[in-house]
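According to TrEMBL, the protein carries these features:
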type: COMPBIAS; residues: 7-16; note: compositional bias 'Basic and acidic residues'
type: DOMAIN; residues: 129-373; note: domain 'Fatty acid desaturase'
type: REGION; residues: 1-46; note: region 'Disordered'
type: TRANSMEM; residues: 104-121; note: transmembrane segment
type: TRANSMEM; residues: 126-144; note: transmembrane segment
type: TRANSMEM; residues: 213-235; note: transmembrane segment
type: TRANSMEM; residues: 242-260; note: transmembrane segment
Amino acid sequence: MLLEDGDPARRREQRANGEVSSTSCPEGTGDPPAQGTPAPDDSTMEALAEGWEPGPALGDGDMTPRGILQRAGQHEEALMAELAELVQKVVKNSSWWDRHGVDISILACSFLLLPAGFLCLRSAQAIPFLAGVLILGVVHHTLAVKGSHLASHNVLAESKSWGKVWAIFFIELCSAFTAEQATYSHVKIHHGYTNVIGLGDSSTWKLPFLNCYIYMFIAPLAVPIITPLVALGLLRNVEWTAALRTLCCIFLGLYCHYWLLLNVSGFQSLWSALLCMLLTRSLLAHPYIHVNIFQHIGLPMFAADRKPKRIHLMSLGVLNLPRNALLDWSFGHSLISCHVEHHLFPSLSDNMCLKIKPIVSQYLKQKKLPYNEDTYTSRLRLFLQRYEELMVHAPPITELVGIQ
């Protein structure tokens with residue numbers, strides 16, 4: 001069981017039932033450490049469960065506190081190994097189409113929709129013009145969010161060289177960010193230290209100086225502007241060759257978008273084209289921000305030296321949202337309805353996360369482990385009601401008294 005600040009009895013009951021606590025502690029403040037900070041390696045497909053290592057053997061007669069803790073750790077490692085074996089069987093029996101093809105096809109279809117979007121913007125009529133905005137907005141977020149996320153985990157290709165190419169294309173050219181820093185902060189830190197205070201606690205998404213309603217409903221419109229500015233600030237942490245490449249890719253991606261609006265869509269002025277760029281690139285910025293905070297903030301947080309083993313860390317600190325056709329297409333299953341599966345097995349594609357979802361959910365529930373699920377509207381209501389607690393104040397640390 002777990003103990004947190006405030007109403008421990010209720011929290012213990014909720015953890016035992018595997019429910020999402022409406023009074024769970026919020027995320028912490030502070031940015032991820034510099035790129036030199038040690039972090040766990042991102043495993044390949046052969047090691048689906050990253051961060052899992054078997055513990056030392058222990059005699060049955062060791063009843064000291066240390067011995068009890070070691071046996072508990074071995075039990076958790078055995079659970080993770082058993083779940084990983086079940087998932088590995090599914091992966092081995094899956095075709096290339098299941099492992100890569102479905103998601104690559106979604107990205108390819110998005111590219112094919114680009115001409116239709118730019119041509120619709122030529123119309124002087126409202127409905128075709130709005131259709132063009134919708135098409136370009138969905139395409140942009142599919143490439144910038146889904147494509148970048150898959151590329152950061154090297155899921156789009158089994159070759160590491162091609163994986164690097166796709167990471168540069170989707171993260172830098174499409175998203176206007178830096179590939180090295182995006183991969184490091186997301187894969188190494190966020191996944192390696194999920195919900196660990198000061199490391200992978202999603203604190204980079206917190207802006208405590210903003211009012212609740214400004215943060216939730218107005219600030220997301222500035223994401224297309226803030227993203228390249230943040231990327232420029234992070235370039236000091238990478239080699240000069242990578243920084244130069246990033247600058248060129250960001251400029252090329254933004255300029256191509258602007259050039260197509262002028263020469264294909266027929267925009268007549270600089271400001272009208274820039275406004276359209278802002279509109280399409282921020283079309284799904286609200287759910288993008290919301291999803292990133294809903295699925296971790298408000299769940300248990302841990303100290304780096306007092307965190308549970310991997311299977312408990314991910315089952316306690318990650319939440320799934322319901323399936324949504326638009327967000328599933330634009331963001332991917334691993335960011336929406338299969339986020340728990342993604343954090344347990346981050347080397348799997350969106351489609352594979354969806355495929356193993358019944359196995360993971362059934363296994364965690366069978367072993368009496370939390371499998372957190374909640375609706376988008378429920379989480380939105382929670383954050384609006386408890387914004388100060390969840391997004392402004394530092395969270396309490398969950399104490400591990402014992403895990404059933």
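Each Cβ is built from the backbone N, Cα and C atoms, and glycine gets one as well.
Residues 106-107, 110-111, 113-114, 116-120, 170, 174-175, 265, 276, 279-284, 288, 326, 329-331 of the same chain lie 6+ residues outside the transmembrane segment (126-144) yet bring a C-beta within less than 8 angstroms of a C-beta in it.
Sequence-remote contacts of a segment are chain residues at least 6 beyond its ends whose Cβ falls under 8 Å from one of its Cβ atoms, and for the transmembrane segment (242-260) they are 118, 168, 172-174, 176-180, 228, 231-232, 235-236, 273-274, 277. Looking only at the domain 'Fatty acid desaturase' (129-373), the predicted model's pLDDT averages out at 96.
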